[in-house]
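According to TrEMBL, the protein carries these features:
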- 281-374: domain 'Transglutaminase-like' (DOMAIN)
- CYS289: active site (ACT_SITE)
- HIS348: active site (ACT_SITE)
- ASP371: active site (ACT_SITE)
- ASN411, ASP413, GLU460, GLU465: Ca(2+) binding site (BINDING)
Amino acid sequence: MVDIKMAFLHYIPVSELLLTVRSIDLMKTKTGLNRLEHHTDRYYGDDLIIRRGNTFMMWLDLSRPYYPNTDRLHLELKTGSLPTVAKGTHVIIPLVEELEDDRWEAKIVKRDGNRIKLSVNSQPTAMIGRYQLTVATHSPKGKATSTHDPGNDIRMLFNPWCEDDTVYMDDEDEKNEYVLNDVGRLYYGTENQIGARTWNYGQFDEGILDACLYVLEKSVTPPSGWGDPVNVVRVISAMINSPDDCGVVEGNWSGKYVGGTSPTAWSGSVDILKKYQKDGGIPVRYGQCWVFSGVTTTVLRCLGIPSRSVSNFNSAHDTDVSLTTDVYFNENLESIDHLNTDSIWNFHVWNDCWMARPDLPPGHGGWQAVDSTPQETSQGTFRCGPASITAIRNGQVFLKHDSPFIFAEVNSDKIYWQRNLDGTFTQIHSEKNAVGHCISTKAVGSDERNDITHLYKHPEGTEEERIAVETASRYGSKPDTYSSPIAEDISIEVTMDGEGPRMGGDAELNIVMRNASSLPRTINLHSQVAVMYYTGVLKATVKKDEMPVELLANEGEPMNILYYTSVTFSQTVLCIACPGHYQDQLVDQAALMLTLSVRVTETQQVLATQFSFRLRTPDLIIKPVGEAVVGKKMAAEIFFTNPLPRTLKGVVFHVEGLGLQSVRQIAVG
């Protein structure tokens, strides 16, 4: 007998097998549909970089076909060290039949065997930052979750193209300028001698997005607050400077830059941000206001917040929240240095950023001022803004954040005080147009300078402007400043002809004093010339003088002041100094300050004024040699003329071309 054994195979339906994810394709290449539709195709690398409020596509390769009747699937995104669903840092994205706006959802739009293509929708209020992606599946055989792959991390940015995002900007040309332009212009000098320098923002360069996210992470602020651009801007404003949080750039206004880079040598943000991340969060040495602003523009544009660098000429620094710029004299009209802590910088550079302000009364959205230069603390941290420019323009300094400080920078009156015998002070003169001139930013679509003073303040001297000043003053530390106006019949003005003096040449200033009364006046004129840092801090006094001037009734008497060699008052010439006397005293920007104070003998009226100017340095002229051909080296000639009557030593050229040449130093000797 033959014993026959039969084997029976047990058939298991495919739908009953465990459903797992074999691979994820985020369609994340620079030239792919996701990056193009999210306006992130210019960022370096092939990571998935998306903007919130938009949909993106992805493929899932599963272990078997997906059966909607028995299978379940959802995506999970996590950001931060303690992701929490309630705080929006742990996002669960379900599969739905139809996508709806303003919520996290995913929809199957295509099937191909074991592969499914998803369209994923994100919230326009989602937290920005770096998300870890996993996929959770649930089938009759149990649950499974894909392994986290760092290569599939998703970078989420703000979205100026999405109407539901608070940073939405309507104008396409403005988005191209304030989000996508990676080169800009920063303005410096004085209001009569405005200079411009090119700054490479480089927000799309290799490693810059990760460096910007590193700055956010280094702030140790909870990612649950990174969905609000107001919060993010305050974090960035604090993190770009270094005093209290080891931020990106260490400020230095001493003129001595041993152990670091001179602020004037930087020409872009890329090297600064890369070095900060590479060194593990050690502040980069050194920066001044334009460096802080340039880096801030890079970070904000990189994260998707429309922004621009803004220069304010004759920019006040109010140190006591008086909302005035105060100058104190003793009984003899001599400056009381230890009280004169307020200053007026020749120029100061900060930022505007664009966003709605649902936290403020309606009408205060749009451009917001933010300042990363460490000047005064805000809620215990060196930061400033965002402050609504509309609020600043109207003197509504009670609206957050830090509106009083920025108002004082652009529209504070300059008040002169004299000490009385009993130690009190009396207001002796005020200048109502001393600060906030030629507020400048790069124009949209060109390298021209765009004057935006009208956005920050009403025209000087108008009823609206005076109301704004007096409204703001009521919320300052000296609310009674404008209670009693001062009568004046003598006025004084300092002007400069043409583009102003050049390094190595003479400088002439014009002083005009006018007598509006029907009687003659005898005037005692005090003058002082000092070398000054562009921040308004004086370094050294070059000359002090005092002289009498006679003014006839209703007379305006012009005077000329000639610096470098002499001072001319009417027919009197007083020797100041030749270039050799103070050439070694000049500091960055080659700035000088003239201070005048006047007492009228007959009326005891006192008035004063200050006038800053700089010695213009020669321009660099770059001329290409031969034809420029893509992929081939080319030469260029750099022309520079030494304006001084002596040999320059230790000359170094700093050369950088975005996408062409990394920062390179050429020692000339």
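Glycine too: its Cβ is placed from the backbone N, Cα and C atoms.
Listed in sequence order, the recorded positions near CYS289 (active site) (C-alpha within 10 Å of its C-alpha) are ASP371, out of ASP371, ASN411, ASP413, GLU460, GLU465. When pLDDT values are averaged over the domain 'Transglutaminase-like' (281-374), the model yields 94. Secondary structure by DSSP for the domain 'Transglutaminase-like' (281-374): 15 helix, 40 strand, 39 coil. The Ca(2+) site is set by ASN411, ASP413, GLU460, GLU465; from the centre of their CB atoms, other residues of the chain with a CB within 8 Å are SER412, LYS432, ASN433, GLY436, LYS457, HIS458, GLY461, ARG466, ALA468, VAL469. Cβ neighbour count within 10 Å across all protein chains ranks GLU465 highest among the binding-site residues GLU460, GLU465. The Cβ neighbour count for ASP371 (active site), using a 10 Å radius and every protein chain shown, is 31. Taking ASP371, ASN411, ASP413, GLU460, GLU465 as the recorded positions under consideration, the smallest Cα distance to HIS348 (active site) is found for ASP371. Remark: ASP413 (Ca(2+) binding site) has THR324, THR325, SER430, GLU431, LYS432, ALA434, VAL469, THR481 as non-local neighbours, by Cβ distance under 8 Å and separation of at least 6 in sequence. All protein chains included, CYS289 (active site) registers 28 other Cβ atoms within 10 Å of its own Cβ. Sequence-distant neighbours of ASN411 (Ca(2+) binding site) (same chain, 6+ residues apart, CB-CB distance under 8 A): ILE392, GLY395, VAL435, GLY436, TYR456, LYS457, GLU465, ALA468, VAL469, ALA472.
Around the Cβ of HIS348 (active site), a 10 Å sphere holds 27 further Cβ atoms from the protein chains shown.
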